[in-house]
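Trainee: Pulled from TrEMBL, these are the listed features:
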- 5-21: transmembrane segment (TRANSMEM)
- 80-102: transmembrane segment (TRANSMEM)
- 147-166: transmembrane segment (TRANSMEM)
- 186-203: transmembrane segment (TRANSMEM)
- 210-228: transmembrane segment (TRANSMEM)
- 234-255: transmembrane segment (TRANSMEM)
- 262-288: transmembrane segment (TRANSMEM)
- 308-335: transmembrane segment (TRANSMEM)
Amino acid sequence: MKKIMITFGIGLIGVFIFKLLSLPLPWMMGPVLTVAIASNLPNITTQKLTSKIANPGRMVIGVTVGSAFSASIINDLHHYMFSILLIIPFVLVSTVFGVLYYHKLGGIDKNSAFFASQPGGFVEMVMLAQSAGADVRKVILAQSSRLMIIVLALPFLIHAFLNIELPKSSAGSLLPSIIDIDIKDGLLMLFCGLSGWWFATKIKMGAASLLGPMIISIIFYILDLIHTRPPFELINIVQLILGASIGSSFSGIGFKEFSKTLLFGAGHFIVLLILSLIFGVFSVWITGENWLSVLLAFSPGGQSDMNLIAILVGANVPFVALHHTFRLFIVMAILPIMHRYFEKFTKDKSF
C-alpha cells in the first residue's frame with residue numbers, strides 16, 4: 001500500500017508540474033511522465049499498478065462514453081459503418097509494418113514481434129503472447145512504450161496541426177461538477193458501471209471493465225433514464241489512475257533499457273501515425289467527420305486512453321468509441337487465426 005501511495009504521490013507531482021507549465025491534459029499526461037521517470041531512478045520505489053487498480057477507472061470511462069450516446073446518434077450510426085470497416089485493413093497493414101519494424105530494426109524474434117506490433121488491446125495481447133510462447137517481457141515493453149508515446153505526443157500533435165486548444169486544467173468545461181449530480185442519476189450511473197462490468201466478466205468479454213459499463217450505460221442514456229454525465233472531479237481521478245498505471249509499467253527495467261524502449265516506441269508510433277493519417281483521409285472523405293475525431297478513432301492507443309482523450313477534448317465520442325470497440329473485437333476475433341497463418345508463412349523463412 002505504501003508503494004502505491006508513493007506512486008500516486010509522484011503522479012500528483014506530475015499534475016502540479018503540468019499545471020504550472022500550462023501543459024495540456026495535466027491530470028493524465030503529468031502522471032504518465034513523472035511516474036515513468038521516477039520508476040527508473042535509484043532510491044525511488046514505485047509500485048507497478050495492476051489491472052485491479054486501473055479497472056475501476058476504466059469502468060468510469062465506460063459509463064462516461066455511454067453518456068455521450070442518444071437516440072439521435074443511434075439513428076446516424078449507418079453513416080459510420082464504412083469508416084468502421086476500414087479498421088480491418090488498418091489492423092492488417094499495421095501488423096505487417098509493425099512486425100517488420102520490431103523484427104528487422106528492434107531485433108525481436110518474429111513471434112514476439114507479431115504481438116508487440118498489434119495496435120491495441122494491451123492486456124489481451126499479453127495474454128495471447130503468453131499462450132503462444134512469445135517473449136512476454138518484450139511484448140509488455142513494446143506495448144507500454146506505444147501507449148506512453150501516444151498519450152504524451154497525441155495532444156501536442158492535435159494542438160499543433162489541428163489548431164485545437166486542449167484543456168489545461170480539468171474536464172470541468174465539458175462535464176458537470178459532482179455537486180450538480182442528482183442522487184438518482186448518480187446511483188443509476190453506478191449501477192450501469194457495476195452491472196455492466198459484472199455481466200461482461202461473466203461472458204468473458206475483452207476489456208470487460210470498460211465495454212460492459214459502456215454498453216449498459218448506452219442503453220440507459222438512449223432510453224433517457226439518466227439525465228447527466230459523470231462529474232469532472234471523478235474523471236480527474238481516473239486520469240491520475242490511468243496515467244500512473246501507464247507510467248508504472250516501466251518500473252524496474254533500468255534507465256538504459258527504458259530509454260531504448262522509448263526510442264523504439266517512438267519509431268513505431270511514427271509508423272502507426274502515418275498509417276492512421278492514410279486511413280483517416282478515407283474516413284474523412286466517406287463520413288465527412290472532423291479530423292479530430294477521425295485521428296482519435298484511428299490512433300492505435302489504448303481504448304480507455306483514446307476514449308478519455310476524446311471526452312476531454314470534445315471530440316465525437318460515439319464515433320471514436322465505436323472504432324476502438326470494433327478494433328478490439330477484430331484483434332481478439334481474428335488474431336489467433338492471423339497468428340497461425342503468420343507462423344505457417346514465416347516458418348523456416350527469413351524476412
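Quick reminder: no glycine exception, Cβ is built from N, Cα and C everywhere.
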Trainee: Is it true that the transmembrane segment (308-335) and the transmembrane segment (186-203) have 3 or more CB pairs under 8 Å, sequence gap of 6 or more?
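Mentor: Between the transmembrane segment (308-335) and the transmembrane segment (186-203), contact is absent.
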Trainee: Verify whether three or more Cβ pairs under 8 angstroms connect the transmembrane segment (5-21) with the transmembrane segment (147-166), leaving out any pair fewer than 6 apart in sequence.
Mentor: no
Trainee: Taking the transmembrane segment (5-21) as reference, which of 80-102, 186-203, 210-228, 234-255, 262-288 has the most Cβ pairs under 8 angstroms?
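Mentor: Ranking 80-102, 186-203, 210-228, 234-255, 262-288 by Cβ pairs under 8 Å to the transmembrane segment (5-21) puts 234-255 first.
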Trainee: Please work out which recorded stretch in 186-203, 234-255, 262-288 has the most C-beta pairs separated by under 8 angstroms from the transmembrane segment (80-102)?
Mentor: 262-288
